[in-house]
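Here the structure comes first, spelled out in structure tokens, and everything after it is commentary.
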Amino acid sequence: NPYILATLLFGLGLGTTITFASSHWLLAWMGLEINTLAIIPLMAQHHHPRAVEATTKYFLTQATAAAMLLFASTTNAWLTGQWDIQQMSHPFPLTLITLALALKIGLAPMHTWLPEVLQGLDLTTGLVLSTWQKLAPFALLLQIQNVNPTILVTLGLASTLVGGWGGLNQTQLRKVLAYSSIAHLGWMILILQYSPSLTLLALLTYFVMTFSTFLMFKLNKSTSINALAISWTKAPILTSLTPLVLLSLGGLPPLTGFMPKWLILQELAKQDLAPLATLAALSALLSLYFYLRISYAMTLTMSPNNLTGVTPWRFSSPQLTLPLAIATTATISLL
């Protein structure tokens, strides 16, 4: 129903906006709750047991994180007598809130719900979950000052490593994208304490790259690596572009995805954290490996191809192809 859909999308926007605009912990918590409640019907709209299971898992983790956040902010008000987001001083609520937000966006070691949930969803809802749903918790993370840097660095490094290792043995594209999301978030959290503007740059480029990847898989109607092997017949032009987009997601030099990683490594080196930068760079190799594997599966079937399949790509909808064209161009050539 278009009215219900419009209401839910409005709720999604409203929740994030409330969190963005708030300087009071209660309002921020309210925004996060509205956000969660608005996306749950969107996740369960295809009444498939897998979708319902994913929705339930998502609801439980988000409710836990929100309860933790509320508890931490109340504790903070009890200890310091104020609710202001910007002026957190006590280490206990600070740590709790950081962990709650990490659970909300799926940073390692609180990441295990994310691949499971994303696997049960439609690609469009999965895209919303991977991009829009990360904004509100990120706004809060950016606003909290004087968190213990060790916590953030540990979360970030764990996430880049888990995101790399986890994606290696996956055959389902949505799970691969979930692990890639964990790895990218790890990079952002790694640099959060030292240069917030770089975190925002990384977030923005990640959004553009994820957007084009999800749209490509949607146009291909493919959800597993095996399905990609026959994508040449469905969308020839797309098949030659997708490997570039995937390698950009992995962070290979001439492409857009390399930019945030390059700047983050540079900043970490400036902060005398060379070992940390080395570990992060090596973990990016793991991600690169599974992106290459997907690219390989797609391009194997490209040229010596005499299949005369139907070509739906000529007549595909402009609603999908225009954003796809813009996002793909940005993903490949913004460096």
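We number each residue from 1, going along the chain as drawn.
From the backbone N, Cα and C atoms, a Cβ is placed for every residue, glycine too.
Taken verbatim from TrEMBL:
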type: DOMAIN; residues: 22-286; note: domain 'NADH:quinone oxidoreductase/Mrp antiporter transmembrane'
type: DOMAIN; residues: 288-335; note: domain 'NADH dehydrogenase subunit 2 C-terminal'
type: TRANSMEM; residues: 59-79; note: transmembrane segment
type: TRANSMEM; residues: 91-114; note: transmembrane segment
type: TRANSMEM; residues: 150-169; note: transmembrane segment
type: TRANSMEM; residues: 176-194; note: transmembrane segment
type: TRANSMEM; residues: 200-217; note: transmembrane segment
type: TRANSMEM; residues: 229-253; note: transmembrane segment
type: TRANSMEM; residues: 273-292; note: transmembrane segment
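When Cβ distances are compared across the two stretches, the transmembrane segment (273-292) makes contact with the transmembrane segment (176-194), since 3 or more pairs at least 6 residues apart fall below 8 angstroms. Residues 32, 57-58, 61-62, 64-66, 68-69, 71-73, 75-76, 79, 133-134, 137-138, 140-141, 144, 146-148, 151-152, 155-156, 158-159, 161-163, 166, 178, 181-182, 185-186, 189 of the same chain lie 6 or more positions beyond the ends of the transmembrane segment (91-114) yet place their CB under 8 Å from a CB of it.
Proximity of the transmembrane segment (176-194) to the transmembrane segment (200-217) is established through 3 or more Cβ-Cβ distances under 8 Å for residue pairs spaced 6 or more apart. Restricting the average to the domain 'NADH dehydrogenase subunit 2 C-terminal' (288-335) gives a pLDDT of 78.
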